[in-house]
Amino acid sequence: MRQADGAGGDEGGRGASLVRVLVVDGEPAFAETAASRLEARDDRFEAVTVEGAESALDALSSASFHCVVSGYELPEVDGVGLLETVRDRHGDVPFVLFTGSGSEAVASDAVSAGVDEYVRRDEPADEFARLASAVASAVSEARGGRRLAAHLERTSDAFCQVDSEWRLTYLNERAAGFVERDADALLGERIWELFPEVAGTEAEAALREVVETGEATEFEHHVDRLDAELAVNAYPTADGLALYFRDVTERRERERELREVSERLQLAVEGADVGVWDWNVRTDEVRFDDRWAGMLGHDIDEIDFDLSTWEDRVHPDDIDDAWDAIEAHFAGETDPYQSDFRMRTKSGDWKWIRDRGRVVERTEDGEPLRAVGIHIDVTEEKERERELERYRRIVDELPESVCIYDADGRIALANDHIADVFGTDPESLVGRESRLVERIQAADGDEYGELVEGERDSLTGTVEVDLPDEPAAIVDYGLTRLVIDGEFDGVLGISRNVTAERRRQRRLERTSARLEALFERSPDMVDIHDEAGSIVDANRAMTDALGYDREEIVGMDVWEVDAELDPEEGVRLWEGLEVDETVRLETTFARADGSTFPAEVHVRRIDVQGEDRFLASSRDISERKAYERRIERENERLDEFANIVSHDLRNPLNVLSGYLRLARETGTDSYFDRCERALDEMERLIEDVLALAKQGEAVGSFDPVNLGDLAAGYSDDAFGSADGEDPFGDDAAGGDEPDAPVEVVVEADGEICADPGRVRQLLGNLYRNAAEHGGQRVVVGDLPDGFYVEDDGPGIDADERDRVFESGYTTSETGTGFGLSIVQRIAEAHGWEVAVTEGERGGARFEFTGLDRPGADADGPAPPADPSGPVAEEAEPRD
């Protein structure tokens, strides 16, 4: 035993008796075992092992072997596949299939491929003994020229050989069977003696012609003794003839039957629009008739009589199904064969063809040889089917239940929807009594009967029906009488379960009523407008606030109400909103009378039955705006105070710091005095700032007070203290202030309505202002609707009078700039107006007007006029 790489060695000393065997198997260990057992069985055997088909073919190409032993299951291909390749490449090398995968199919395939011997591993007795015998037999047949005989014995045809004397030299068992004698006993007999009835016939003449001409022939001859039709093939040999013959009696009978059927079919199809085809399955030659070609728009001479003529014209989407139907018929699964497919016409269009046919001739093994059939144009039928299918799909996909009822109210046809309701399929509902029709029939009158009898054409209504899992369902229905070709053909019913819809409708109605009440009773102004800005509804709060009736405001554009809204900007704003998105705006609303007020608006985009609408909720924010303005003023005032305090306190602080440093350095007491004056200045500045801050507050109450008493009594508070010290003396003010307080002359004696404390603060600041600017005399007098305070100081330039009330404004080195600002704010807190003019002595005159006097009305007496008017002289500029 050797591996394949040693296959090329010589035969050693065993000479011509050596039998070199190539053992091929997918399991190397088993191949080694088989090779060893072969060599042990017969010393003539020299076995070489390989694994797989490719290695076996390489070994056969590189060395000479007398026999191949192969398993069935190999890595690349199976044993039969290897056998076929060996036959193609290496001719008649004896081949033994040694397999455990035994089956009739494997054996049949092996025999068809030309296997010499077939040995099963799983059969009883010694498998390797049987294998050795098979190898020896195969090699012997090959060496002895007996393969042909073996082949002839296996062939399905009868075979014999005759010599030049017409004597039998060989015949197989099938040939001997025709005369029911043993083959060996017939050898040497003359053929004419066995078949004397052939003498003198065309068959004898044909056989003798083969011998004379050396050319093969074939013919059929009926042998009366056998009552058989024989098909004969004769071939010349070196010393006589070789004859193959078979009994074709049954085939000829089938052919005669086929001709009769074809004749009858021809008569049938001549009057019908069908095309005929006749297919030779082995050669794929197909005969088509004129109608077959004309059905596709061709003349018969424009098409080839080949299977490809049909195959190339079948629609690509249909060809696989067509072949599946044909193969199923070939396998005996269907009879006859039928398939529908599309075929391309000469013009490029597609026609639906119904192909019907059957196999009319098969081999003895059942393989199809010939099939015939017809083509029918079913294009119109397919169009109708598609149309019906479209209608069916439409009906099945409807969200309603669709049925056809018979005269008794039973279901004759149902769609998928109603089948789903009952948890079944439409076919299972056929024949059931309709619950809907039962309820209609149970009502007063027989309205369903009227439909059936033709007394009415249709019927609609709403009933309660018990449905699976939903008792007392509310169902809307419509019934229509069907009449086809003048005859009653049932009642078409379409129904819909509207239970949930009705419940939603009731909930919607309740919700709508609540929302409408909320809409009307909302304290906010609410309106709804469309995408173009047209108001479609408004609540009472809005109509009342704007002064319109609802009929007036509906149809108005939003920008007729919103005084600040530009139409184009409004449309862009609304288009930019998503559904349920809200935007907040502050704007100004215009009333019907032309007045306006500030409003806060929240606009929300909503979907109302598929249409865009915009819900605007608005609120009058006049009070809030007033409060915001007040807060803003307060903030401005605080900022103003902070700036002034930080600025004005810086100077006395610097003075204080400087004098303290000098006092430490020099020890001089006078510097401490100056520090004290700086502290006094800071204290006065802080008091003024606090007083100024308080003046922004509203006056708590107005009391009748005598202006003259206030003016005279407050002068002591303004210029003196409890111990009689002069706050404006040289020591207190640094030497720039007057040595004595101003003289206050009171000429006012009327009563006014005011806060006494605030008026005292007002007068005190005016007295100090006069003293700070060098005034010696202050006069307080009445005006027709108020009073004035006038000093005899240098006065105020005309171009400075608008600024004197600004916080921090001063022309005095010692002033804080808050005094006149406090005066103005006290006046504003009372609702008075204050103005600065020039006094009769050239000083400053402050006039307060718009006062209320106790007991006075619009027609009452005016207070006494000021006896002294202002002097029209240019005042000297102040410091």
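Cβ atoms here come from the backbone N, Cα and C positions, even for glycine.
In TrEMBL this protein carries:
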{"type": "DOMAIN", "residues": "20-136", "note": "domain 'Response regulatory'"}
{"type": "DOMAIN", "residues": "337-390", "note": "domain 'PAC'"}
{"type": "DOMAIN", "residues": "387-444", "note": "domain 'PAS'"}
{"type": "DOMAIN", "residues": "511-569", "note": "domain 'PAS'"}
{"type": "DOMAIN", "residues": "583-633", "note": "domain 'PAC'"}
{"type": "DOMAIN", "residues": "644-849", "note": "domain 'Histidine kinase'"}
{"type": "REGION", "residues": "846-879", "note": "region 'Disordered'"}
{"type": "COMPBIAS", "residues": "851-860", "note": "compositional bias 'Low complexity'"}
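In the domain 'PAS' (387-444), the DSSP tally of helix, strand and coil residues is 29 helix, 11 strand, 18 coil. Secondary structure of the domain 'PAC' (583-633) per DSSP (helix as H, G, I; strand as E, B; remaining residues coil): 12 helix, 31 strand, 8 coil.
Broken down by DSSP into helix, strand and coil, the domain 'Response regulatory' (20-136) contains 56 helix, 24 strand, 37 coil. The domain 'PAS' (511-569): residue composition by secondary structure is 29 helix, 12 strand, 18 coil, according to DSSP.
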